[in-house]
Amino acid sequence: MHNAQAQETFPSGMSVNYSCDPGYSLHGEASIHCTESGNWSFPYPLCAQAVICTTPEIPNGRNLDGRHPVYRPGDRVRVECNDIFTLNGIQEIRCMENGTWDPPIPDCSLDQPKDSLPPMKFILKHQCPSPPTIANGKHSGQDLEVFTPGVSVNYSCEPGFSLAGETSIHCTASGTWNQPFPSCKGCAAPPAIANGNRSIQDLKEFAYGSSVTHSCDMGFLLVGEATSQCTSSGTWVPPIPYCKEMRCVVPDVPGIGKAMMGMTYPIGTNLTIQCDDDYMLEGSSLIQCQDDLSWDPSMPVCSSASPSLGSYSAISAVTGVSGTMLLVLLVMGIVWRVASKKKEGYYHTYENYDHPIPMTVITDQKSSFAP
């Protein structure tokens, strides 16, 4: 738990102190603070089960203080051997902070009768193989060369990793360890995303609180959150994103073949636009898909190469009016020409007479002559 009140955000500079419940020990920094970049100064610490010492096993001997289920640092135990066995080592041992007994747990060897038994140079004892060093962790027996029955080894993990298995194991009289070796678990390596990269090196395990940032190659769009964090449950939150290819779309342009409309093309694609029959291209026929998913140059236009029905109607109307006027003018010209010819013939007729007849002027006055 920590000493801060429950809230969603924390201002820069604010510190939080962590502590563990009884029976658990803190692994990591007890105090962390919010930095100006919006991150915590250290990964979140963990509370792991407190260090304990295993019950000392003494073949052919016993614990004078009785057996306890748990021995914590500072607890003391006194041991003695059964009859005909001799104690090799110190009778009183103490549980240490690292989970081991100090001095080492003694052992009991068979007494050597002075008269009936031949001299014994040594007593052969079983030994346990050296415990392995686990990834992202360590054990307390690094400095020991021999692991005899009764010797205990305590495992611990680096900050950000949790121990899976028993914290303490001990060598038995048969020369084997009483428990399987534990391991330190974190988050499994996040999967590599296709057409993208991540900000961390390739590891099999990642500590709790570790973060990874993903990015996509040019021409691809990141779907999801760029940064994910390893949680104490062993999962990455939010989920690892993926990269989606970015493509330019051919718009619905009249006159462009229907097979091209709605088609998509990757960034950098050069596309040649062709118009359908009876259409003429206006603009550049070669265009390229850009990073912002636009086309450069702009998408051309396909215009109709034949006049529309309205144009035909207008032309017909103009032609009809012009023809009518021309016909009227032609008729008027013919009439005028005929009239001119008749007038010319009338005067010629009178000119052919030798004695022209004087013309009588007729008025509207009444004649003085009787009929």
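Note: Cβ is positioned from N, Cα and C throughout, glycine not excepted.
Unlike curated entries, TrEMBL annotations are predicted automatically.
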Considering the candidates Cys248, Cys275, which is the cysteine that TrEMBL reports in a disulfide bond with Cys302?
-> Cys275
Could you identify, going by TrEMBL, the member of Cys157, Cys216, Cys230, Cys243 that forms a disulphide bond with Cys187?
-> Cys230
Cys128 has a disulfide partner in TrEMBL; which of Cys95, Cys157, Cys171 is it?
-> Cys171
Cysteine paired with Cys81, where TrEMBL records a disulfide bond, from Cys95, Cys108 | Cys108
Cys20: disulphide-linked cysteine among Cys47, Cys53 [source: TrEMBL] = Cys47
Regarding the disulphide bond with Cys243, report which of Cys216, Cys248 TrEMBL records as its partner.
-> Cys216
So of all those disulfide-bonded residues, Cys128, Cys184, Cys275, which one's Cα sits nearest to Cys243 (disulfide bond)?
-> Cys184
Taking Cα atoms as reference points, which of the disulfide-bonded residues Cys81, Cys128, Cys171, Cys216 is nearest to Cys47 (disulfide bond)?
-> Cys171
To the nearest whole angstrom, state the Cα distance for the pair Cys108 (disulfide bond) and Cys302 (disulfide bond).
-> 103
Non-local Cβ contacts of Cys128 (disulfide bond) (under 8 Å, 6 or more apart, same chain)?
-> Phe147, Thr148, Pro149, Val151, Cys171, Thr172, Gly175, Thr176, Trp177
What's the CA-CA gap between Cys230 (disulfide bond) and Cys302 (disulfide bond) in angstrom, rounded?
-> 55
Cys81 (disulfide bond) to Cys302 (disulfide bond): how many Å between their Cα atoms?
-> 105
So how many other Cβ atoms are close to Cys108 (disulfide bond), meaning within 10 Å of its Cβ?
-> 21
